[in-house]
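K.L.:
Below: one structure in structure tokens.
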Amino acid sequence: MSKRKQVTIPIEKIQEQDKYIEQIHRQNEEYFNRTGKRKLVFTQTFGCQMNEHDSEKLCSMLEEMGYQMSMMVEESDLIIYNTCAVRENAELKVYGNLGQLKHLKGKNPDMKIAVCGCMMQQPHVVEELRKKYKHVDLIFGTHNLYKFPQLLTESINSDKMLVDVWDVDGEVIEGLRSNRKFELKAFVNIMYGCNNFCTYCIVPYTRGRERSRTPEDIINEIKELVANGTKEITLLGQNVDSYGKTLENPVSFSELLRKVNDIEGIERVRFMTSHPKDISDEVIYAIRDCDKVCEFLHLPIQCGSSSLLKKMNRHYTKEYYLEIIEKAKKEVPGIAFSTDLMIGFPGETEEDLLDTLDVVEKVRYDSAFTFIYSKRQGTPAAKMENQIPEDIKHDRFNRVLEAVNRISAEINDGYKDRIVEVLVEGRSKNNENKFAGRTRQNKLVNFEGGNDDLIGKLVMVKITEPRTFSLNGILVNN
């Protein structure tokens, strides 16, 4: 594959969007002065942290336009779905939600409906929306997020469906700036796209090829976040271990981790996602050496069968994966692992499933995102023979899930009476009288004691009650 030239949108082009933001803001203010009501927007995000971060940018633009966030579809003037194409279930939810909106649109013709994200990068999806969901007003993809104010302005002034989806070889944006709402924890993109072409995956077709941001841009963004109160950074990429290869002056991911670790004011650094074929010893050493980088590694295996991994085009074996795990355990005491487990890939046998269960037992994951394989149009796996019947998929899924949950509970049981460091994120969602936060190993902890002054601080908590998916405890006097 020839090396692709990275294209960065000039800042002047991004700033051109300000006039559209101001135009909509002016219209929304006039509406408020006339009615006493604010324009409301409902957003829903499907999929990965990349999509979540894109939605943060959209919400920042919407706030600048004068919209207020709403939790109710029925009362909203603008509805936005940021979609995911990785699994069929997420797509079906989007289609179902859009179908339900047809009735609301009939009652309120001024309502605007926008759909964006990875689903929209697939031509057959756009064609489906054109034919069957004509009440949708605006469709745009993953590469032209910065143009949203302009697209929304055009849509508001038109009764026709507006479609603006760029091909992956078109102009792409690196480093979109927005007046985002800074929180305690923040995602920071370090790269975009993927070059791996796993046979089941649609991401290279929807997110494009790998492009890395410069270390300078990444570090400047993090410093800005820290200045506004952010304590924990998660570095994002489809495959962070490939970071830097497309830069004019290549920088490795391990080097970037060390640079980020040196930024003053950061308490914790996390990253995802790593690829087993690309993670280097240097990355493991960086986790070991860098005091702010958390002892936690999300390392998707997908399945434990080397023969299936070859069919998936993953470029590693079960044995190689386990070697990485052992090296990480040796170099980073107390490290926790999470993974992705795909059940029911075409041709999967009982022996293949036993290999997956064997990996689960040997690694002992703290958590695992376990899911059933679903066909993705345009991927090689969708055309493979020996597709697994749904009943067998579900039976195998339940067996793997039982093992994952049992091991997670066993690991958590080992936390009884231990004192752990917790970054306090706020009040517990389940009990307003308690506080919640996470350990360096990404364990959710709900604890008693303290007050709101603790939010954003590192505290010590004694674990009194381990649970399957969380830990309960009490604040230790610091």
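Each Cβ is built from the backbone N, Cα and C atoms, and glycine gets one as well.
Remember, predicted model here, so these are calculated numbers, not experimental data.
Residues or ranges marked as domain 'MTTase N-terminal' in Swiss-Prot (evidence: sequence analysis): 39-157. Swiss-Prot lists Cys48, Cys84, Cys118 with the feature [4Fe-4S] cluster 1 binding site, giving sequence analysis as the kind of evidence. According to Swiss-Prot, the domain 'Radical SAM core' annotation covers 180-410. As annotated by Swiss-Prot, [4Fe-4S] cluster 2 binding site applies to Cys194, Cys198, Cys201, with the evidence given as sequence analysis. Residues annotated as domain 'TRAM' in Swiss-Prot, with sequence analysis given as evidence: 410-477.
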K.L.:
Among the binding-site residues Cys48, Cys84, which residue has the largest number of other Cβ atoms within 10 Å of its own Cβ?
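P.N.:
It comes out as Cys84.
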K.L.:
Considering only the binding-site residues Cys194, Cys198, Cys201, which residue has the minimal Cα-Cα separation from Cys84 ([4Fe-4S] cluster 1 binding site)?
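P.N.:
Minimum Cα distance from Cys84 ([4Fe-4S] cluster 1 binding site) across Cys194, Cys198, Cys201 lands on Cys201.
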K.L.:
In whole Å, note down how far the CA of Cys48 ([4Fe-4S] cluster 1 binding site) lies from the CA of Cys198 ([4Fe-4S] cluster 2 binding site).
P.N.:
17
K.L.:
For Cys48 ([4Fe-4S] cluster 1 binding site) and Cys194 ([4Fe-4S] cluster 2 binding site), determine the Cα separation and express it in whole Å.
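P.N.:
So the alpha carbons of Cys48 ([4Fe-4S] cluster 1 binding site) and Cys194 ([4Fe-4S] cluster 2 binding site) sit roughly 14 Å from each other.
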K.L.:
So for Cys198 ([4Fe-4S] cluster 2 binding site), how many other CB atoms are inside 10 Å of its CB?
P.N.:
22
K.L.:
Within 8 Å of the Cβ centre of Cys48, Cys84, Cys118, which other residues of the chain have their Cβ, at the recorded [4Fe-4S] cluster 1 site?
P.N.:
Phe46, Gly47, Met50, Asn51, Thr83, Ala85, Val86, Ala90, Gly117, Val203, Thr206
K.L.:
Do any residues at least six apart in sequence from Cys194 ([4Fe-4S] cluster 2 binding site), in the same chain, have a Cβ closer than 8 Å to its Cβ, and if so which, in order?
P.N.:
Cys201, Val203, Pro204, Arg207, Arg209, Glu210, Gln238, Asn239
K.L.:
Quick one: average pLDDT across the domain 'Radical SAM core' (180-410), no decimals.
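P.N.:
That stretch averages a pLDDT of 95.
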K.L.:
What is the one among the binding-site residues Cys118, Cys201 whose Cβ has the most other Cβ atoms less than or equal to 10 Å away?
P.N.:
Cys118
K.L.:
Can you give me the residues near the recorded [4Fe-4S] cluster 2 site, meaning same chain, not Cys194, Cys198, Cys201 themselves, Cβ no more than 8 Å from the center of the site's Cβ atoms?
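P.N.:
The answer, listed by sequence position, is Asn196, Phe197, Tyr200, Ile202, Val203, Pro204, Gln238.
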